[in-house]
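Quick look at what TrEMBL lists:
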DOMAIN    1-264  domain 'F-BAR'
COILED    155-186  coiled coil
REGION    293-315  region 'Disordered'
DOMAIN    343-420  domain 'REM-1'
COILED    350-377  coiled coil
REGION    434-471  region 'Disordered'
COMPBIAS  441-451  compositional bias 'Polar residues'
DOMAIN    489-550  domain 'SH3'
Amino acid sequence: MSWGTELWDQFDNLEKHTQWGIDVLEKYIKFVKERTEIELSYAKQLRNLSKKYQPKKNSKEEEEYRYTSTKAFLATLNEMNDYAGQHEVISENMTSLITGELTRYVQELKQERKSHFHDGRKAQQHIETCWKQLEASKRRFERDCKEADRAQQYFEKMDADINVTKADVEKARQQAQLRHQMAEDSKAEYCSTLQKFNSEQHDHYYTHIPNIFQKIQEMEERRIVRIGESMKTFADVDRQVIPIIGKCLDEITKAAESIDHKNDSQMVIEAFKSGFEPPGDVDFEDFTQPMKRTVSESSLSNSRGDGKSEPKFGGKSKGKLWPFIKKNKLSLKLGAGPEDFSNLPPEQRRKKLQQKVDELNKDIQKEMDQRDALTKMKDVYIKNPQMGDPASVDHRLAELGQNIEKLRLEVQKFEGWLAEVEGRLPMRTEQARRQSGLYEAQNTSAVNSCAQDRESPDGSYTEEQSQETEMKVPATDFDDEFDDEEPLPTIGTCKALYTFEGQNEGTISVAEGEMLYVIEEDKGDGWTRIRRNEDEEGYVPTSYVEVYLDKNAKGAMTYI
(Lines of atoms letter the chains of each structure in order from A and count residues from 1; the text may use other names and numbers.)
(Lines give C-alpha, C1' and ligand atoms only; values in the text may rest on other atoms or scores of the structure.)
Protein backbone atom coordinates (compact mmCIF):
# COMPACT_ATOMS: atom_id res chain seq x y z
CA MET A 1 0.00 0.00 0.00
CA SER A 2 1.90 3.00 -1.31
CA TRP A 3 0.58 6.42 -2.26
CA GLY A 4 3.29 6.64 -4.91
CA THR A 5 1.84 3.73 -6.90
CA GLU A 6 -1.83 3.84 -5.93
CA LEU A 7 -2.36 7.63 -5.98
CA TRP A 8 0.14 8.68 -8.67
CA ASP A 9 -2.43 11.01 -10.31
CA GLN A 10 -3.97 12.47 -7.14
CA PHE A 11 -1.51 15.30 -6.43
CA ASP A 12 -4.22 17.90 -5.75
CA ASN A 13 -6.27 15.58 -3.56
CA LEU A 14 -3.21 14.61 -1.52
CA GLU A 15 -2.41 18.29 -1.06
CA LYS A 16 -5.93 18.90 0.21
CA HIS A 17 -5.87 15.79 2.39
CA THR A 18 -2.59 16.67 4.10
CA GLN A 19 -3.85 20.20 4.71
CA TRP A 20 -6.99 18.67 6.20
CA GLY A 21 -4.74 16.54 8.44
CA ILE A 22 -2.97 19.64 9.71
CA ASP A 23 -6.34 21.29 10.29
CA VAL A 24 -7.42 18.26 12.33
CA LEU A 25 -4.25 18.48 14.40
CA GLU A 26 -4.76 22.19 15.01
CA LYS A 27 -8.37 21.51 15.91
CA TYR A 28 -7.25 18.92 18.46
CA ILE A 29 -4.73 21.40 19.90
CA LYS A 30 -7.53 23.94 20.24
CA PHE A 31 -9.71 21.31 21.92
CA VAL A 32 -7.00 20.48 24.48
CA LYS A 33 -6.32 24.16 25.05
CA GLU A 34 -9.99 24.80 25.77
CA ARG A 35 -10.00 21.76 28.07
CA THR A 36 -7.07 23.25 30.04
CA GLU A 37 -8.93 26.55 30.28
CA ILE A 38 -11.98 24.73 31.55
CA GLU A 39 -9.84 22.88 34.09
CA LEU A 40 -8.31 26.14 35.32
CA SER A 41 -11.70 27.80 35.42
CA TYR A 42 -13.18 24.81 37.25
CA ALA A 43 -10.31 24.81 39.77
CA LYS A 44 -10.72 28.53 40.33
CA GLN A 45 -14.44 28.15 40.85
CA LEU A 46 -13.89 25.27 43.26
CA ARG A 47 -11.43 27.31 45.30
CA ASN A 48 -13.79 30.28 45.35
CA LEU A 49 -16.60 27.97 46.35
CA SER A 50 -14.55 26.48 49.18
CA LYS A 51 -13.47 29.91 50.34
CA LYS A 52 -17.00 31.23 50.16
CA TYR A 53 -18.32 28.63 52.60
CA GLN A 54 -15.42 28.71 55.03
CA PRO A 55 -16.52 30.01 58.48
CA LYS A 56 -15.51 33.54 59.27
CA LYS A 57 -13.23 33.98 62.25
CA ASN A 58 -14.61 35.45 65.44
CA SER A 59 -18.15 35.15 64.20
CA LYS A 60 -21.25 33.31 65.21
CA GLU A 61 -20.65 30.79 62.42
CA GLU A 62 -17.69 29.32 64.32
CA GLU A 63 -20.02 28.21 67.04
CA GLU A 64 -22.14 26.37 64.51
CA TYR A 65 -19.19 24.19 63.49
CA ARG A 66 -19.21 22.30 66.76
CA TYR A 67 -21.70 19.86 65.27
CA THR A 68 -20.29 16.72 63.63
CA SER A 69 -22.12 17.43 60.37
CA THR A 70 -20.70 20.93 60.07
CA LYS A 71 -17.28 19.63 60.97
CA ALA A 72 -17.64 17.13 58.12
CA PHE A 73 -18.72 19.94 55.83
CA LEU A 74 -15.66 21.96 56.86
CA ALA A 75 -13.50 18.93 56.05
CA THR A 76 -15.26 18.66 52.69
CA LEU A 77 -14.48 22.31 51.93
CA ASN A 78 -10.81 21.74 52.73
CA GLU A 79 -10.67 18.61 50.57
CA MET A 80 -12.39 20.45 47.73
CA ASN A 81 -9.58 22.98 47.87
CA ASP A 82 -7.08 20.14 47.36
CA TYR A 83 -9.37 18.67 44.69
CA ALA A 84 -9.17 21.98 42.80
CA GLY A 85 -5.38 21.80 42.96
CA GLN A 86 -5.44 18.51 41.04
CA HIS A 87 -7.43 20.09 38.23
CA GLU A 88 -4.76 22.77 38.05
CA VAL A 89 -2.19 19.98 37.72
CA ILE A 90 -4.24 18.49 34.85
CA SER A 91 -4.27 21.87 33.11
CA GLU A 92 -0.52 22.39 33.56
CA ASN A 93 0.40 18.88 32.35
CA MET A 94 -1.88 19.09 29.31
CA THR A 95 -0.44 22.46 28.41
CA SER A 96 3.18 21.28 28.63
CA LEU A 97 2.84 17.70 27.33
CA ILE A 98 0.18 18.15 24.65
CA THR A 99 -0.51 21.73 23.63
CA GLY A 100 3.10 22.92 23.65
CA GLU A 101 4.53 19.80 21.99
CA LEU A 102 1.86 19.61 19.28
CA THR A 103 2.15 23.32 18.50
CA ARG A 104 5.86 22.90 17.77
CA TYR A 105 5.17 19.73 15.81
CA VAL A 106 2.56 21.48 13.65
CA GLN A 107 5.09 24.11 12.63
CA GLU A 108 7.59 21.43 11.65
CA LEU A 109 4.86 19.52 9.81
CA LYS A 110 3.86 22.57 7.80
CA GLN A 111 7.45 23.16 6.73
CA GLU A 112 7.90 19.52 5.72
CA ARG A 113 4.63 19.46 3.82
CA LYS A 114 5.54 22.69 2.02
CA SER A 115 8.88 21.21 0.99
CA HIS A 116 7.37 17.97 -0.37
CA PHE A 117 4.67 19.66 -2.41
CA HIS A 118 7.19 22.18 -3.71
CA ASP A 119 9.19 19.24 -5.05
CA GLY A 120 6.01 17.78 -6.53
CA ARG A 121 5.08 20.99 -8.32
CA LYS A 122 8.63 21.32 -9.60
CA ALA A 123 8.45 17.80 -11.04
CA GLN A 124 5.08 18.56 -12.63
CA GLN A 125 6.38 21.77 -14.18
CA HIS A 126 9.36 19.89 -15.57
CA ILE A 127 7.22 17.23 -17.26
CA GLU A 128 4.90 19.94 -18.61
CA THR A 129 7.88 21.77 -20.05
CA CYS A 130 9.06 18.55 -21.72
CA TRP A 131 5.58 18.07 -23.16
CA LYS A 132 5.54 21.59 -24.59
CA GLN A 133 8.94 20.96 -26.18
CA LEU A 134 7.60 17.74 -27.69
CA GLU A 135 4.54 19.52 -29.07
CA ALA A 136 6.69 22.29 -30.53
CA SER A 137 8.99 19.75 -32.19
CA LYS A 138 6.01 17.88 -33.53
CA ARG A 139 4.46 21.04 -35.04
CA ARG A 140 7.81 22.01 -36.55
CA PHE A 141 8.11 18.56 -38.14
CA GLU A 142 4.57 18.79 -39.50
CA ARG A 143 5.19 22.26 -40.91
CA ASP A 144 8.46 21.23 -42.58
CA CYS A 145 6.80 18.19 -44.13
CA LYS A 146 4.04 20.32 -45.63
CA GLU A 147 6.57 22.84 -46.96
CA ALA A 148 8.60 20.00 -48.45
CA ASP A 149 5.50 18.66 -50.19
CA ARG A 150 4.69 22.11 -51.59
CA ALA A 151 8.27 22.55 -52.77
CA GLN A 152 8.16 19.14 -54.47
CA GLN A 153 4.89 19.95 -56.19
CA TYR A 154 6.27 23.29 -57.34
CA PHE A 155 9.38 21.60 -58.72
CA GLU A 156 7.29 19.04 -60.61
CA LYS A 157 5.15 21.83 -62.02
CA MET A 158 8.19 23.81 -63.15
CA ASP A 159 9.77 20.70 -64.61
CA ALA A 160 6.64 19.95 -66.65
CA ASP A 161 6.37 23.51 -67.97
CA ILE A 162 8.28 23.82 -71.28
CA ASN A 163 8.28 27.59 -71.05
CA VAL A 164 10.36 27.64 -67.84
CA THR A 165 14.09 28.03 -68.11
CA LYS A 166 16.43 25.30 -67.04
CA ALA A 167 17.88 27.55 -64.34
CA ASP A 168 14.47 28.06 -62.77
CA VAL A 169 13.84 24.32 -62.83
CA GLU A 170 17.20 23.70 -61.18
CA LYS A 171 16.47 26.34 -58.58
CA ALA A 172 13.09 24.73 -57.81
CA ARG A 173 14.76 21.32 -57.58
CA GLN A 174 17.36 22.63 -55.11
CA GLN A 175 14.64 24.30 -53.08
CA ALA A 176 12.69 21.02 -52.96
CA GLN A 177 15.80 19.15 -51.84
CA LEU A 178 16.46 21.76 -49.18
CA ARG A 179 12.90 21.49 -47.86
CA HIS A 180 13.14 17.71 -47.84
CA GLN A 181 16.38 17.92 -45.89
CA MET A 182 14.79 20.31 -43.42
CA ALA A 183 11.89 17.87 -43.01
CA GLU A 184 14.31 15.02 -42.34
CA ASP A 185 16.15 17.13 -39.76
CA SER A 186 12.86 18.05 -38.11
CA LYS A 187 11.89 14.39 -38.10
CA ALA A 188 15.14 13.42 -36.40
CA GLU A 189 14.70 16.19 -33.87
CA TYR A 190 11.10 15.14 -33.23
CA CYS A 191 12.15 11.51 -32.70
CA SER A 192 14.88 12.57 -30.30
CA THR A 193 12.53 14.85 -28.38
CA LEU A 194 9.91 12.11 -28.24
CA GLN A 195 12.38 9.60 -26.82
CA LYS A 196 13.55 12.14 -24.29
CA PHE A 197 9.97 12.94 -23.27
CA ASN A 198 9.07 9.26 -22.88
CA SER A 199 12.12 8.76 -20.71
CA GLU A 200 11.32 11.83 -18.62
CA GLN A 201 7.69 10.78 -18.32
CA HIS A 202 8.67 7.28 -17.18
CA ASP A 203 11.01 8.70 -14.56
CA HIS A 204 8.32 11.18 -13.50
CA TYR A 205 5.57 8.62 -12.89
CA TYR A 206 7.70 5.70 -11.73
CA THR A 207 10.51 7.38 -9.78
CA HIS A 208 10.08 11.06 -8.87
CA ILE A 209 6.36 11.17 -8.03
CA PRO A 210 6.37 7.82 -6.12
CA ASN A 211 9.33 9.02 -4.03
CA ILE A 212 7.67 12.34 -3.24
CA PHE A 213 4.33 10.73 -2.46
CA GLN A 214 6.05 8.12 -0.30
CA LYS A 215 7.58 10.90 1.79
CA ILE A 216 4.18 12.58 2.03
CA GLN A 217 2.64 9.28 3.12
CA GLU A 218 5.29 8.81 5.81
CA MET A 219 4.71 12.39 6.98
CA GLU A 220 0.96 11.80 7.16
CA GLU A 221 1.39 8.51 9.03
CA ARG A 222 3.68 10.22 11.56
CA ARG A 223 0.98 12.84 12.07
CA ILE A 224 -1.63 10.15 12.70
CA VAL A 225 0.65 8.34 15.16
CA ARG A 226 1.44 11.62 16.90
CA ILE A 227 -2.19 12.57 17.38
CA GLY A 228 -2.86 9.07 18.72
CA GLU A 229 -0.04 9.41 21.24
CA SER A 230 -1.42 12.79 22.27
CA MET A 231 -4.83 11.28 22.88
CA LYS A 232 -3.22 8.62 25.06
CA THR A 233 -1.35 11.33 26.98
CA PHE A 234 -4.66 13.15 27.34
CA ALA A 235 -6.06 10.15 29.21
CA ASP A 236 -2.85 9.50 31.18
CA VAL A 237 -2.79 13.06 32.55
CA ASP A 238 -6.23 12.49 34.02
CA ARG A 239 -5.27 9.05 35.24
CA GLN A 240 -2.19 10.34 37.08
CA VAL A 241 -4.23 12.58 39.39
CA ILE A 242 -6.91 9.98 40.04
CA PRO A 243 -5.09 8.56 43.14
CA ILE A 244 -4.82 11.99 44.77
CA ILE A 245 -8.40 12.85 43.84
CA GLY A 246 -9.35 9.48 45.26
CA LYS A 247 -7.65 10.38 48.56
CA CYS A 248 -9.60 13.64 48.65
CA LEU A 249 -12.81 11.77 48.06
CA ASP A 250 -11.86 9.22 50.70
CA GLU A 251 -11.32 12.02 53.22
CA ILE A 252 -14.70 13.46 52.34
CA THR A 253 -16.25 10.03 52.82
CA LYS A 254 -14.43 9.62 56.15
CA ALA A 255 -15.69 13.01 57.29
CA ALA A 256 -19.19 12.07 56.24
CA GLU A 257 -18.95 8.81 58.15
CA SER A 258 -17.84 10.68 61.28
CA ILE A 259 -21.16 12.45 61.48
CA ASP A 260 -23.12 11.39 64.57
CA HIS A 261 -26.69 12.36 64.03
CA LYS A 262 -27.71 11.38 67.53
CA ASN A 263 -25.04 13.60 69.02
CA ASP A 264 -25.98 16.49 66.76
CA SER A 265 -29.60 16.07 67.61
CA GLN A 266 -28.83 16.11 71.32
CA MET A 267 -26.68 19.23 70.89
CA VAL A 268 -29.53 20.94 69.10
CA ILE A 269 -31.91 20.02 71.90
CA GLU A 270 -29.50 21.35 74.43
CA ALA A 271 -28.89 24.59 72.52
CA PHE A 272 -32.45 25.29 71.49
CA LYS A 273 -35.11 24.02 73.82
CA SER A 274 -37.90 25.82 71.98
CA GLY A 275 -39.60 22.59 70.96
CA PHE A 276 -39.56 23.42 67.31
CA GLU A 277 -38.98 20.59 64.87
CA PRO A 278 -35.65 20.42 63.05
CA PRO A 279 -35.51 22.26 59.71
CA GLY A 280 -36.26 20.36 56.55
CA ASP A 281 -33.76 19.28 53.89
CA VAL A 282 -31.83 21.96 52.07
CA ASP A 283 -32.66 22.28 48.40
CA PHE A 284 -30.07 20.86 46.02
CA GLU A 285 -27.85 23.55 44.52
CA ASP A 286 -26.44 22.40 41.21
CA PHE A 287 -22.98 23.95 40.74
CA THR A 288 -21.80 21.53 38.11
CA GLN A 289 -21.00 22.82 34.61
CA PRO A 290 -23.52 21.94 31.92
CA MET A 291 -22.36 19.06 29.73
CA LYS A 292 -20.73 20.38 26.64
CA ARG A 293 -22.69 19.08 23.77
CA THR A 294 -20.80 17.03 21.27
CA VAL A 295 -20.22 18.97 18.11
CA SER A 296 -22.85 17.95 15.61
CA GLU A 297 -21.95 16.69 12.20
CA SER A 298 -23.31 19.81 10.57
CA SER A 299 -20.76 21.94 12.43
CA LEU A 300 -17.74 19.87 11.49
CA SER A 301 -15.52 20.26 8.51
CA ASN A 302 -16.99 18.88 5.38
CA SER A 303 -15.30 16.22 3.34
CA ARG A 304 -14.08 16.24 -0.26
CA GLY A 305 -17.66 16.49 -1.52
CA ASP A 306 -17.64 20.17 -0.33
CA GLY A 307 -14.28 20.95 -1.92
CA LYS A 308 -12.05 19.77 0.95
CA SER A 309 -9.80 16.80 0.92
CA GLU A 310 -11.08 13.49 1.86
CA PRO A 311 -8.78 10.52 2.25
CA LYS A 312 -8.89 7.87 -0.43
CA PHE A 313 -9.70 4.49 1.06
CA GLY A 314 -9.10 1.87 -1.46
CA GLY A 315 -9.91 4.27 -3.89
CA LYS A 316 -10.70 7.26 -0.97
CA SER A 317 -12.33 4.77 -3.60
CA LYS A 318 -14.84 6.04 -0.38
CA GLY A 319 -15.64 3.42 2.20
CA LYS A 320 -14.16 4.31 5.64
CA LEU A 321 -14.77 7.81 7.15
CA TRP A 322 -12.06 9.59 9.13
CA PRO A 323 -12.73 11.31 12.55
CA PHE A 324 -13.43 15.05 12.71
CA ILE A 325 -14.88 15.16 9.22
CA LYS A 326 -18.43 15.33 8.06
CA LYS A 327 -19.95 12.25 6.50
CA ASN A 328 -20.44 12.35 2.79
CA LYS A 329 -24.05 13.09 2.04
CA LEU A 330 -24.22 11.50 -1.38
CA SER A 331 -27.74 11.03 -2.61
CA LEU A 332 -27.15 7.56 -4.04
CA LYS A 333 -30.82 6.73 -4.34
CA LEU A 334 -31.86 3.88 -6.57
CA GLY A 335 -32.79 5.23 -9.94
CA ALA A 336 -31.30 8.66 -9.25
CA GLY A 337 -28.22 10.15 -10.86
CA PRO A 338 -26.89 10.11 -14.45
CA GLU A 339 -27.30 7.14 -16.77
CA ASP A 340 -23.57 6.32 -16.76
CA PHE A 341 -23.41 6.32 -12.93
CA SER A 342 -20.69 8.97 -13.04
CA ASN A 343 -21.79 10.22 -9.64
CA LEU A 344 -20.46 7.00 -8.04
CA PRO A 345 -16.89 6.17 -7.01
CA PRO A 346 -14.93 4.20 -9.63
CA GLU A 347 -15.36 0.75 -8.09
CA GLN A 348 -19.05 1.26 -7.35
CA ARG A 349 -19.55 2.67 -10.82
CA ARG A 350 -17.83 -0.36 -12.36
CA LYS A 351 -20.11 -2.72 -10.47
CA LYS A 352 -23.21 -0.78 -11.49
CA LEU A 353 -22.16 -0.71 -15.16
CA GLN A 354 -21.30 -4.43 -15.12
CA GLN A 355 -24.66 -5.16 -13.54
CA LYS A 356 -26.40 -3.10 -16.22
CA VAL A 357 -24.49 -4.91 -18.99
CA ASP A 358 -25.43 -8.29 -17.51
CA GLU A 359 -29.08 -7.28 -17.31
CA LEU A 360 -29.07 -6.09 -20.92
CA ASN A 361 -27.39 -9.31 -22.06
CA LYS A 362 -30.05 -11.33 -20.25
CA ASP A 363 -32.72 -9.28 -22.01
CA ILE A 364 -30.99 -9.92 -25.34
CA GLN A 365 -30.89 -13.63 -24.62
CA LYS A 366 -34.60 -13.62 -23.79
CA GLU A 367 -35.42 -11.80 -27.02
CA MET A 368 -33.21 -14.18 -29.00
CA ASP A 369 -34.88 -17.18 -27.37
CA GLN A 370 -38.26 -15.78 -28.34
CA ARG A 371 -37.01 -15.14 -31.87
CA ASP A 372 -35.65 -18.69 -32.14
CA ALA A 373 -38.93 -20.08 -30.88
CA LEU A 374 -40.90 -18.02 -33.39
CA THR A 375 -38.50 -19.00 -36.17
CA LYS A 376 -39.06 -22.67 -35.38
CA MET A 377 -42.80 -22.03 -35.27
CA LYS A 378 -42.60 -20.35 -38.67
CA ASP A 379 -40.68 -23.32 -40.07
CA VAL A 380 -43.38 -25.62 -38.75
CA TYR A 381 -46.07 -23.44 -40.37
CA ILE A 382 -44.16 -23.50 -43.66
CA LYS A 383 -43.90 -27.28 -43.60
CA ASN A 384 -47.45 -27.68 -42.34
CA PRO A 385 -49.60 -24.79 -43.64
CA GLN A 386 -52.70 -26.28 -42.04
CA MET A 387 -51.23 -25.48 -38.58
CA GLY A 388 -51.00 -21.75 -39.21
CA ASP A 389 -49.99 -18.89 -41.50
CA PRO A 390 -46.18 -18.34 -41.61
CA ALA A 391 -46.71 -14.64 -42.35
CA SER A 392 -48.52 -14.19 -39.05
CA VAL A 393 -45.25 -14.28 -37.11
CA ASP A 394 -43.26 -12.00 -39.42
CA HIS A 395 -44.36 -8.83 -37.63
CA ARG A 396 -43.36 -10.23 -34.28
CA LEU A 397 -40.02 -11.45 -35.67
CA ALA A 398 -39.28 -7.99 -37.07
CA GLU A 399 -40.20 -6.43 -33.75
CA LEU A 400 -37.91 -8.84 -31.90
CA GLY A 401 -35.09 -8.05 -34.32
CA GLN A 402 -35.48 -4.32 -33.68
CA ASN A 403 -35.54 -4.92 -29.93
CA ILE A 404 -32.37 -6.99 -30.14
CA GLU A 405 -30.58 -4.28 -32.13
CA LYS A 406 -31.66 -1.62 -29.63
CA LEU A 407 -30.47 -3.76 -26.72
CA ARG A 408 -27.14 -4.41 -28.47
CA LEU A 409 -26.63 -0.68 -28.93
CA GLU A 410 -27.37 -0.20 -25.23
CA VAL A 411 -24.87 -2.93 -24.38
CA GLN A 412 -22.22 -1.25 -26.55
CA LYS A 413 -22.89 2.09 -24.86
CA PHE A 414 -22.60 0.69 -21.34
CA GLU A 415 -19.60 -1.44 -22.30
CA GLY A 416 -17.93 1.74 -23.52
CA TRP A 417 -18.45 3.36 -20.14
CA LEU A 418 -17.32 0.15 -18.46
CA ALA A 419 -14.19 0.11 -20.61
CA GLU A 420 -13.53 3.71 -19.61
CA VAL A 421 -13.56 2.66 -15.97
CA GLU A 422 -11.52 -0.50 -16.46
CA GLY A 423 -9.04 1.11 -18.85
CA ARG A 424 -9.87 -1.27 -21.72
CA LEU A 425 -12.06 -1.36 -24.84
CA PRO A 426 -14.00 -4.49 -25.91
CA MET A 427 -12.85 -5.75 -29.34
CA ARG A 428 -15.32 -6.56 -32.06
CA THR A 429 -14.49 -8.81 -34.98
CA GLU A 430 -14.71 -7.70 -38.58
CA GLN A 431 -17.54 -10.16 -39.15
CA ALA A 432 -19.54 -8.66 -36.28
CA ARG A 433 -18.85 -5.20 -37.68
CA ARG A 434 -20.20 -6.22 -41.10
CA GLN A 435 -23.31 -7.92 -39.74
CA SER A 436 -24.34 -4.97 -37.56
CA GLY A 437 -26.58 -3.01 -39.90
CA LEU A 438 -26.50 0.00 -37.63
CA TYR A 439 -22.72 -0.05 -37.38
CA GLU A 440 -22.20 3.21 -39.27
CA ALA A 441 -25.18 5.04 -37.77
CA GLN A 442 -24.83 4.08 -34.13
CA ASN A 443 -23.97 6.72 -31.59
CA THR A 444 -21.09 5.39 -29.54
CA SER A 445 -19.47 8.62 -28.49
CA ALA A 446 -18.60 7.14 -25.09
CA VAL A 447 -16.69 4.27 -26.70
CA ASN A 448 -14.97 6.59 -29.12
CA SER A 449 -13.83 8.90 -26.34
CA CYS A 450 -12.51 5.94 -24.42
CA ALA A 451 -10.64 4.52 -27.39
CA GLN A 452 -9.06 7.83 -28.27
CA ASP A 453 -7.92 8.55 -24.75
CA ARG A 454 -4.15 8.36 -25.11
CA GLU A 455 -3.49 8.98 -21.48
CA SER A 456 -5.02 5.82 -20.05
CA PRO A 457 -3.52 4.80 -16.68
CA ASP A 458 -1.72 1.75 -18.00
CA GLY A 459 -1.05 3.05 -21.52
CA SER A 460 -2.23 -0.21 -23.07
CA TYR A 461 -5.04 -1.25 -25.38
CA THR A 462 -6.98 -4.43 -24.77
CA GLU A 463 -8.18 -6.55 -27.64
CA GLU A 464 -10.37 -8.86 -25.54
CA GLN A 465 -13.67 -9.55 -27.21
CA SER A 466 -16.83 -9.44 -25.13
CA GLN A 467 -18.37 -12.88 -25.23
CA GLU A 468 -21.80 -11.51 -24.42
CA THR A 469 -21.91 -9.22 -27.45
CA GLU A 470 -20.10 -11.42 -29.96
CA MET A 471 -22.49 -12.22 -32.81
CA LYS A 472 -22.02 -15.61 -34.37
CA VAL A 473 -23.40 -15.33 -37.92
CA PRO A 474 -22.98 -18.12 -40.48
CA ALA A 475 -21.11 -17.34 -43.67
CA THR A 476 -23.32 -16.07 -46.48
CA ASP A 477 -22.95 -15.14 -50.10
CA PHE A 478 -22.73 -11.56 -48.93
CA ASP A 479 -19.20 -12.15 -47.68
CA ASP A 480 -18.09 -13.54 -51.03
CA GLU A 481 -19.58 -10.58 -52.84
CA PHE A 482 -17.90 -8.26 -50.38
CA ASP A 483 -14.52 -9.89 -50.91
CA ASP A 484 -14.84 -9.57 -54.69
CA GLU A 485 -15.78 -5.89 -54.74
CA GLU A 486 -13.42 -3.20 -55.95
CA PRO A 487 -10.86 -1.93 -53.39
CA LEU A 488 -11.79 1.29 -51.64
CA PRO A 489 -9.91 4.42 -52.74
CA THR A 490 -7.46 6.10 -50.39
CA ILE A 491 -8.68 9.18 -48.57
CA GLY A 492 -5.43 10.06 -46.83
CA THR A 493 -2.38 8.71 -45.05
CA CYS A 494 -1.58 7.88 -41.48
CA LYS A 495 1.42 7.26 -39.28
CA ALA A 496 1.46 4.51 -36.65
CA LEU A 497 2.12 6.06 -33.25
CA TYR A 498 2.47 2.68 -31.54
CA THR A 499 2.99 -0.95 -32.51
CA PHE A 500 -0.29 -2.87 -32.83
CA GLU A 501 -0.46 -6.64 -33.26
CA GLY A 502 -3.75 -7.33 -34.97
CA GLN A 503 -4.59 -10.84 -33.85
CA ASN A 504 -8.36 -10.71 -34.41
CA GLU A 505 -10.19 -11.08 -37.65
CA GLY A 506 -10.45 -7.86 -39.61
CA THR A 507 -7.45 -6.18 -37.97
CA ILE A 508 -3.99 -5.55 -39.36
CA SER A 509 -0.63 -5.40 -37.60
CA VAL A 510 1.36 -2.17 -37.82
CA ALA A 511 4.78 -1.13 -36.56
CA GLU A 512 5.51 2.12 -34.78
CA GLY A 513 6.40 4.89 -37.22
CA GLU A 514 5.05 3.01 -40.27
CA MET A 515 3.27 5.11 -42.92
CA LEU A 516 0.08 3.61 -44.40
CA TYR A 517 -2.95 4.62 -46.46
CA VAL A 518 -6.34 5.45 -44.97
CA ILE A 519 -9.29 3.98 -46.88
CA GLU A 520 -12.03 4.46 -44.28
CA GLU A 521 -11.97 6.93 -41.41
CA ASP A 522 -13.31 6.39 -37.90
CA LYS A 523 -17.10 6.04 -37.93
CA GLY A 524 -17.40 6.70 -34.22
CA ASP A 525 -16.47 3.21 -32.94
CA GLY A 526 -12.78 3.90 -32.33
CA TRP A 527 -11.40 2.04 -35.44
CA THR A 528 -9.82 3.26 -38.67
CA ARG A 529 -9.47 1.14 -41.80
CA ILE A 530 -6.05 1.29 -43.46
CA ARG A 531 -4.16 -0.37 -46.32
CA ARG A 532 -0.52 -1.33 -46.66
CA ASN A 533 -0.62 -2.68 -50.21
CA GLU A 534 -3.11 -4.25 -52.57
CA ASP A 535 -3.49 -7.42 -50.49
CA GLU A 536 -3.08 -6.09 -46.94
CA GLU A 537 -5.76 -3.96 -45.33
CA GLY A 538 -7.70 -3.98 -42.06
CA TYR A 539 -8.68 -2.03 -38.98
CA VAL A 540 -6.45 -0.50 -36.30
CA PRO A 541 -7.43 1.50 -33.18
CA THR A 542 -7.79 5.17 -34.06
CA SER A 543 -5.74 6.12 -31.00
CA TYR A 544 -2.78 4.14 -32.42
CA VAL A 545 -2.40 6.22 -35.61
CA GLU A 546 -2.16 9.84 -36.59
CA VAL A 547 -4.38 10.41 -39.63
CA TYR A 548 -3.73 12.96 -42.41
CA LEU A 549 -6.88 13.09 -44.52
CA ASP A 550 -6.58 14.32 -48.11
CA LYS A 551 -9.52 16.63 -48.74
CA ASN A 552 -8.85 16.57 -52.51
CA ALA A 553 -8.74 12.78 -52.81
CA LYS A 554 -10.60 11.56 -55.90
CA GLY A 555 -10.09 7.87 -55.51
CA ALA A 556 -6.61 7.72 -57.05
CA MET A 557 -4.49 4.97 -55.49
CA THR A 558 -0.71 5.07 -55.30
CA TYR A 559 1.67 2.89 -53.35
CA ILE A 560 4.99 3.62 -51.76
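Even glycines carry a Cβ here, placed using N, Cα and C.
A TrEMBL annotation is a machine prediction, not a hand-curated record.
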Based on DSSP, tally up the residues of the domain 'SH3' (489-550) by helix, strand and coil.
3 helix, 29 strand, 30 coil
Would you list the DSSP helix, strand and coil counts for the residues of the domain 'REM-1' (343-420)?
72 helix, 0 strand, 6 coil
Restricting to the coiled coil (350-377), what is the model's mean pLDDT?
87
